[in-house]
């Protein structure tokens with residue numbers, strides 16, 4: 001038996017290995033459609049990685065908060081960038097940008113930007129266009145995509161968008177890149193680099209500032225000879241710009257020039273065409289190198305132009321057949337005898353080189369055949385074992401998911417009560433899975449800022465199917481607006497005091513469930529963003545507050561209820577924390593009814609100012625509740641006056657502990673919460689002290705009353721940077737010295753310098 005072994009070596013179909021822009025088209029490279037993966041999109045910084053990280057900078061996409069936004073504000077001296085790493089070297093013909101629309105919440109865009117790029121073997125290069133400008137005109141609003149054609153185009157494997165602004169401002173971007181794969185020249189160098197004679201300057205004015213050189217010190221890069229533009233007019237015409245031709249004068253060059261072209265890979269070349277201007281080229285020598293170092297003489301091809309009777313200078317193409325010579329570098333030496341020799345473009349063309357090797361091989365022996373069968377059998381068994389293992393793992397996971405579906409009906413939770421308090425929610429983990437935390441002294445930090453978002457059906461069932469986050473899952477818009485209070489979130493799960501996991505299924509099953517027939521639901525007494533609270537009487541006369549979603553199929557409200565119940569189940573009963581009685585058949589919450597509602601409404605309704613003794617007693621109740629939450633490692637996360645309810649005996653109760661995973665009102669948030677999205681017991685200490693500050697003014701003066709939301713964010717940054725112009729609330733002198741000192745320490749920028757709630761509650765108890 002004879003086996004014919006055929007080796008087919010293909011070096012590529014017929015292609016032009018220089019910039020042929022007309023053949024490239026305007027293909028989008030994948031920012032919008034996802035061909036460019038999230039891992040390929042990075043940035044120098046992000047205001048918040050999840051909501052406005054670089055992965056959200058996709059054109060025409062409303063991911064998370066709608067764009068990439070750098071952490072600092074942008075000015076003319078900034079260097080913040082959005083970087084896209086491509087899988088290969090591409091010819092980039094245009095770029096397209098948008099601002100941050102954020103489904104109507106965004107107002108940020110880049111009016112100007114610069115482009116940096118690199119390719120294999122280069123450093124970062126700042127792009128300049130044919131007229132020498134480096135600034136690109138960007139966007140004028142947040143929605144309209146603006147495309148900018150790159151003239152000359154860019155050859156790059158990585159590209160950076162660098163926003164710039166004359167005035168310091170917040171900037172956000174989305175982007176797309178257009179072009180095609182590049183297989184042509186990656187670098188060239190000329191000796192000499194063009195001639196300058198009197199007022200005539202024909203050097204390569206568009207040559208890249210690549211800062212890379214040959215061994216002999218000649219600068220390497222791309223420029224006029226590979227920009228895809230072929231000039232037709234004479235270089236001496238007055239309206240002809242000198243950035244279309246490179247010219248060499250015979251007197252300054254002795255009529256000899258050398259150009260070295262470099263490619264990423266070895267090519268088989270069929271011809272090279274020189275787009276030139278003059279009366280004749282005396283001779284051309286083309287020599288090839290496959291290893292990039294040696295140029296063997298046997299590879300050299302020489303050509304000359306026929307003598308012409310017409311000595312008039314003209315624009316013409318000079319073609320040299322290259323006979324499928326192989327090379328990674330090509331060196332062209334040109335001789336000319338006219339006064340000037342000009343080039344505007346050099347085109348290489350390569351063609352497929354098919355090498356067929358047919359070789360007769362003797363038939364294998366029986367022993368060799370047996371060995372081959374054994375090897376094939378082992379490979380087959382290995383593949384079969386792997387497939388069987390994967391199938392078994394999938395079946396186990398499916399069974400596990402079914403068991404969870406049958407045990408857990410819905411992820412639940414409560415929010416605060418009172419007259420129209422602010423209520424925001426975040427995407428919760430339906431399974432109430434283990435939180436990941438580290439404890440440093442008495443501070444509870446979340447280690448992971450990512451959460452798996454679990455789908456919740458409209459039929460009160462629970463599913464462990466992971467779904468990707470969308471912009472509605474985040475309430476952390478990076479640039480603050482001046483009209484409404486902003487909220488900030490850190491999507492992680494609260495931690496259990498003992499081992500970091502809730503026994504959620506058992507506790508939910510242990511919750512008392514009341515049938516609808518046993519409930520008499522009355523008028524509304526409060527509402528949040530997705531939830532509402534109504535008066536309710538349970539059969540037997542027990543008065544409570546009925547908490548439900550505003551809309552039946554509101555996923556966000558359902559998640560909010562589920563997240564709050566997780567914290568309340570861990571809290572158990574505490575005299576200063578609102579109690580959870582149970583749920584109804586639809587898993588709406590039945591909460592302790594607190595007679596006078598929110599402390600702010602209570603205080604505003606009081607005809608006469610309340611005395612300091614009453615304020616101290618309220619503070620004692622608050623700090624008692626917060627010290628208990630601290631002891632079981634629950635971070636409240638969004639403390640404001642709306643979270644303090646007044647009962648019939650004029651004691652305060654804290655409601656809506658949500659863990660470090662939820663939102664805080666901007667004016668009550670610690671600087672690390674605003675800037676770094678970090679929520680701990682120490683940030684709670686800041687928020688509670690800010691609430692006490694407002695109560696000390698009878699709830700008639702908001703914190704930072706004179707500052708806009710934008711200025712509050714700037715102030716938080718200034719605090720973290722220890723700038724002297726930063727401000728903090730100044731506590732009024734209505735308390736004794738010890739309490740005043742402790743409350744003042746709550747506004748320390750260094751979290752470790754803030755007192756614990758255990759320490760804060762002591763002077764109020766005394």
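Heads up, the Cβ atoms here are built off N, Cα and C, so glycines get one too.
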Can you say which of 331-351, 352-372, 373-393, 394-414 is given as transmembrane segment in Swiss-Prot?
373-393
According to Swiss-Prot, 525, 526, 527, 528, 529, 530, 531, 532, 533 bind ATP; identify which of 547, 620, 653 is listed for that same site.
547
Could you check Swiss-Prot and say which of 103, 310 is marked as N-linked glycosylation site?
103
Selected residue, Swiss-Prot feature N-linked glycosylation site, from candidates 311, 499:
311
May I ask you to name which of 87, 496 Swiss-Prot has annotated as N-linked glycosylation site?
87
Which stretch does Swiss-Prot mark as region 'Disordered', out of 475-501, 556-582, 583-609, 664-690?
475-501
If you count the other Cβ atoms within 10 Å of each Cβ, which of the glycosylation sites 103, 268 comes out on top?
268
Can you tell me the CA-to-CA distance separating residue 87 (N-linked glycosylation site) and residue 24 (disulfide bond), as a whole number of Å?
17
PLDDT averaged over the residues of the topological domain 'Cytoplasmic' (394-766):
73
From 24, 103, 129, 180, the recorded positions whose CA lies within 10 Å of that of residue 268 (N-linked glycosylation site):
none
Here's one to test understanding: among the recorded positions 24, 129, 180, whose C-alpha is closest in space to the C-alpha of residue 103 (N-linked glycosylation site)?
180
Determine, to the nearest whole angstrom, how far the Cα atom of residue 129 (N-linked glycosylation site) is from the Cα atom of residue 24 (disulfide bond).
19
